[in-house]
Protein chains: 2
Amino acid sequence: MKTIIYDQTMDLDKILKRNEDVRDDIRNAVLEIIKGVKTDGDAALLYYTKALDHCELTHLQVTEEEIQEAFDSVSESLLEIIREAAGNIRSFHEKQLETTWTYEPKPGVVLGQHITPIERVGLYVPGGKATYPSTVLMDSIPALVAGVQSLVMVTPPGKDGKVNPAILAAAKIAGVHEIYKIGGAQAIAALAYGTETIKPVNKIVGPGNIYVATAKKEVFGKVDIDMIAGPSEVLIIADKNANPVYAAADLLSQAEHDEMAMPIFVTTSEDLAKQVIEKVYRQINEDLGRKEIAKKSMDDFGFVFIVKDLDEAFELSNKIAPEHLELLIENPMDSLEKVRNAGAIFMGAYTPEPLGDYFAGPNHTLPTSGTAKFSSPLGVYDFIKKSSILSYDQNSLKNVYEKIAAFARSEGLDAHAKAVERRFEN
Amino acid sequence: MKTIIYDQTMDLDKILKRNEDVRDDIRNAVLEIIKGVKTDGDAALLYYTKALDHCELTHLQVTEEEIQEAFDSVSESLLEIIREAAGNIRSFHEKQLETTWTYEPKPGVVLGQHITPIERVGLYVPGGKATYPSTVLMDSIPALVAGVQSLVMVTPPGKDGKVNPAILAAAKIAGVHEIYKIGGAQAIAALAYGTETIKPVNKIVGPGNIYVATAKKEVFGKVDIDMIAGPSEVLIIADKNANPVYAAADLLSQAEHDEMAMPIFVTTSEDLAKQVIEKVYRQINEDLGRKEIAKKSMDDFGFVFIVKDLDEAFELSNKIAPEHLELLIENPMDSLEKVRNAGAIFMGAYTPEPLGDYFAGPNHTLPTSGTAKFSSPLGVYDFIKKSSILSYDQNSLKNVYEKIAAFARSEGLDAHAKAVERRFEN
């Protein structure tokens, strides 16, 4: 880990090696795949699955029998934990439900906002080493709470043509409607444009590798997408009384995700900082399952910032806009108003990040790479849309139509003016 | 206008000539401009403004004196109308404000959602023939209601280096914080990446031509953007008692926007359809200000659909997902639940679209080209973001930590399991 004395003029994006550029070779490969799927439909999906996933499929949709078989292969104790987590996730997201409202600003005038769910949504679930049933729950439950009628999951098959059983079990528990064995840019193209087997969706959510992310950006506009996910990050703000063992363990839970995951520790105490660094490397060497990944992440992307007080810690954190923010300080809830940019805020010594990753209820699909400056956790609000409601009676329009006509003519829009005037011509 | 007997198997995207593809030559030109602005900053802005807007600027920011001069040149009666419209827009959007909430699902557990405004937002306002002060109000007021601290407007200058005075007056009335005289892809690049003069923003909103739209899509990810706007559309559902003069006038208020604007009339009555078409062409020929544009739009993109009943009318409308939906039917509010996809819904004979374009309060920046299937009118919700709040006390975590550890290990994430376990080791 690199230790840095914070100074408010430093270029944090450079220090953190954040980079948003899309590589041209990747983009060209993705455009080729999208074109293939638009032209050849299912045949292209089978072709790319053979070429890229090394798997020869005969059918794309996962059958009820395959789902049941996978479900039966998962231990009852894990199923019970998944069910309890799903219940917590559902309860939290139900708090985000919005309903249609109208009001009467004046007699004869009704204005409002009509809420409807998005009809058909695609959910990308990565395969390989980053196959997480918890992500299936986190991405599907808000859509289902919102009222999405068709929730379609896609995930790449293994070479044996099978999908990870825990993924299928989580999808069954959540209530996903359709599942297809395709991944990569070809899956995103299929969801956006449709094929013989897969009907097109209105929105695509879920994390994926750089090909998936690039494909999502390309199809944006034809469909909506969620924010493009980068490497995972945690930023811990700790005062001098924080427990260095907990802090080190939480930094490592971030670091084990992948070699580009970013664990950041911010503290007012140089002494604590030294202890945390020492504990991090000790814990890595004790018995950590993914020790190589965690060590590389810590070495290359682990940062310790020394700040002069907590206000400066929050200033730094707001500039970085971390995906996960842990507050290992006294009375953390009192500092809520100081947080301006963060995906999720974990308050105090007994709210470690894995609690939010798996169980508590709030979403674990969060804005990464500083995008918390303008985006939010995945939520029910991502799966609904609004329509404005306007209703004026004759008298109400009569009172204002000349103003509307004058405003329209000032913009040179004569037919707009006439549309209101013709109502009162005689 | 083309008359079509609706049939639910028809390919509506093909009939309506909707097309979302980005042209490669435009994309390459835009990438070149973005690269130029990233490398050369202000110098690139001045260069492109000279090359593309034929205007040699000495400074980019509009001064207080220029704003005041523009303001003084607008008639007091128009200023008064703009102020009243701004007040209505502000009142409506204040209803969309959300506040931070927390709740206690169990003793010792607090969950919630923290609401914060996006800090710095860019607002693109087109120049030339599509210069609309009403759009300045509609795009800036929701941002200011949300609490955006820095709202930055960009708009291309005329050859004389000046900006349309009504635009500046509207910006002053709304309360925009900074204004720069730049347009096109170079303005989008400056907002996304910053230059010596212009600090980068977190989100860019507002309509623009194909270069602006393409640039917005390219910078998406570095900043957030609103939905990419296509040609404007209205769809009117009319029963046999609807007034054909009003319907024709409303279709024309859409058609005059530009030659690709799309006026769609849907009715159960073939007789009414004929009357409306007759009135449309009669009104065009009477004395319409933008008669050539309106006629071309009607000829090329005007559609009349005959349906067998109102249910079929709503089915068709939901498939098209129009930007503006007018219900010229009896008791339109009773049909609200039938509307699944629409930007704004105008209820009854005295709620014509221009009322919403200028005055009533709901936003006129609405999803076009079928994107109402997954997006919403511009609103306060576009200028805030959410952070999840989680807080568990020691006992609450103790009750569940073994389940979290088991779930984490099932995903192969050992350090996640250890992070909770270390809290209860002794």
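Heads up, the Cβ atoms here are built off N, Cα and C, so glycines get one too.
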**OP:** Given that TrEMBL annotates A:Gln254, A:His257, A:His416 as binding Zn(2+), state which candidate in A:Asp309, A:Asp311, A:Asp357 belongs to that site as well.
**Re:** A:Asp357
Subject >> Fewest-neighbour residue among binding-site residues, criterion Cβ within 10 Å, set A:Gln186, A:Asn209, A:Ser232, A:Gln254 >> reply: A:Asn209
**OP:** Work through the binding-site residues one by one (A:His257, A:His324, A:His416) and point out the residue whose CB has the fewest other CB atoms within 10 angstroms.
**Re:** A:His257
**OP:** Specify the secondary structure state of A:His324 (substrate binding site) as given by DSSP, simplified to three classes.
**Re:** strand
Original post:
If you measure C-alpha to C-alpha, which of A:Tyr124, A:Ser232, A:Gln254, A:His257, A:Asp357, A:Glu411 (binding-site residues) come within 10 angstroms of A:Glu323 (active site, proton acceptor)?
Top reply: A:Ser232
Subject >> Cα-to-Cα gap, A:His416 (substrate binding site) vs A:Gln186 (NAD(+) binding site), nearest whole Å >> reply: 45
Original post:
Relative to the Cβ of A:Asp357 (substrate binding site), which residues of the same chain, six or more apart in sequence, are found under 8 Å away?
Top reply: A:Ser134, A:His364
**OP:** Report the largest Cα to Cα distance, in Å and rounded to a whole number, among the residues A:Tyr124, A:Gln186, A:Asn209 that the record lists as binding NAD(+).
**Re:** 13
**OP:** Could you check the recorded positions A:Glu323, A:Glu411 and say which one's CB has the fewest neighbouring CB atoms inside 10 Å?
**Re:** A:Glu411
